[in-house]
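Report on one structure; see the data block that follows.
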Amino acid sequence: MSERIKVAVLGAAGRMGSTVVRAVQGADDLELVATLDAGDDLSAAAGADVAIDFTVPAVTESNVHALIDAGVHVVVGTTGWDDESKARVRDHLADRPGVGVLIAPNFALGAVFAMAFAARAAAWFESVEVIELHHPDKVDAPSGTAQHTAAAIAAARTAAGVGPSPDATTQELDGARGADVDGVRVHAVRLRGLVAHEEILLGNAGEQLTIRHDSFDRVSFMPGVLLGVRQVGSHPGLTVGLEHLLDLG
Ligand SMILES: NC(=O)c1ccc[n+]([C@@H]2O[C@H](COP(=O)([O-])OP(=O)(O)OC[C@H]3O[C@@H](n4cnc5c(N)ncnc54)[C@H](O)[C@@H]3O)[C@@H](O)[C@H]2O)c1
Ligand SMILES: O=C(O)C1=N[C@H](C(=O)O)CCC1
């Protein structure tokens, strides 16, 4: 058998991190060499080939820079990334050829396909809005997935020369029309009992297309996380979105 990939998990005590630890332990080609949570010394991850970060938006970027310095590939599921923080990682990686970082707002395969289908359809519908629905312990809104979805929809509509969704609202309570992500309205629901869900609503005169994805359990993210771990070393530089590993990018 070829050598196993040495894996470190950051945020290992969390909802996602603990699920990832079990998934790595269950994979014959992976070896769990470090589990870290808040307060642990990041240098414990330096012996890994790949580190997986499911921490919190406030710390994920500094974790990634430290791991790049240590020459460790990184698979990032933590959300909260913006254009500036991604640009800083891209610049850092330019000085560390061979190191790969994959940032994916959603590792559930169905969610990645839902985003891709929505972006393809978006140029053909007059109206489009995104609704994301999550458990109430989530700290960021709107979800990273919804922002990634809206950005892809906006890019597809711009490329096709489609204008903004029609909206006659002139009077509103703050927030009633949701957040504006690249011109696409995004609404966030927080409800006990939910895990991670997204609907993309597309409307034309006389018809509606609804694309919906549901993660009922965090195990849904594991095939995508493991795919990222196995492939990140062959994708030097920064990759944003699992779609690029599924030939959907
Ligand atoms: N990409 C995806 O598919 C996907 C799926 C689910 C969740 N997420 C994202 O993953 C992140 C984590 O979600 P969660 O539900 O597991 O949160 P959580 O709060 O359950 O877990 C976060 C963990 O990170 C730990 N942590 C905090 N600071 C740390 C540090 N400096 N070093 C190491 N660990 C640290 C916390 O103690 C906690 O155990 C969120 O940003 C969430 O949006 C992404
Ligand atoms: O539970 C969370 O938190 C999730 N966060 C990601 C996001 O913000 O898109 C992915 C789904 C679950």
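Placed from the backbone N, Cα and C atoms, the Cβ positions cover glycine too.
Quick look at what TrEMBL lists:
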- His134: active site, proton donor/acceptor (ACT_SITE)
- Lys138: active site, proton donor (ACT_SITE)
- Gly11, Ala12, Ala13, Gly14, Arg15, Met16, Asp37, Gly77, Thr78, Thr79, Ala104, Pro105, Asn106, Phe107: NAD(+) binding site (BINDING)
- His135, Gly144, Thr145: (S)-2,3,4,5-tetrahydrodipicolinate binding site (BINDING)
- 5-107: domain 'Dihydrodipicolinate reductase N-terminal' (DOMAIN)
- 110-246: domain 'Dihydrodipicolinate reductase C-terminal' (DOMAIN)
Using C-alpha positions only, work out which of the recorded positions His134, His135, Gly144 is nearest to Ala13 (NAD(+) binding site). His135
Across the whole of the domain 'Dihydrodipicolinate reductase N-terminal' (5-107), what does the mean pLDDT come to? Round it, please. 98
Round to a whole number and give the Cα-to-Cα distance in Å for the pair Asn106 (NAD(+) binding site) and His134 (active site, proton donor/acceptor). 13
Neighbourhood of the (S)-2,3,4,5-tetrahydrodipicolinate site (His135, Gly144, Thr145): other residues with Cβ within 8 Å of the Cβ centroid, in order? Thr79, Pro105, Asn106, Glu132, His134, Lys138, Asp140, Ser143, Ala146, Ala196
Mind running the binding-site residues Asp37, Thr78, Ala104 against ligand 2 and keeping the ones whose CB falls under 6 Å of it? none
I need the least crowded one of these binding-site residues (Ala13, Ala104), counting other C-beta atoms within 10 angstroms of each C-beta. Ala13
Can you list which of the recorded positions His134, His135, Thr145 have their Cβ under 6 Å from some atom of ligand 1? none
Taking Cα atoms as reference points, rank the recorded positions His134, His135, Lys138, Gly144 by distance from Thr78 (NAD(+) binding site) and give the first. Gly144
So Thr145 ((S)-2,3,4,5-tetrahydrodipicolinate binding site), by the Cβ count within 10 Å over all chains shown, scores 26
How many of the residues that make up the domain 'Dihydrodipicolinate reductase N-terminal' (5-107) does DSSP mark as helix, as strand and as coil? 40 helix, 25 strand, 38 coil
From Ala104, His134, Lys138: recorded positions whose CA lies within 10 A of Thr145 ((S)-2,3,4,5-tetrahydrodipicolinate binding site): Ala104
May I ask which of the recorded positions His134, Lys138, Gly144 is closest to Gly11 (NAD(+) binding site) if we compare their C-alpha atoms? Lys138
Are there any residues at least 6 positions away along the chain from Arg15 (NAD(+) binding site) with a Cβ closer than 8 Å to its Cβ? List them or say none. Asp137, Arg218
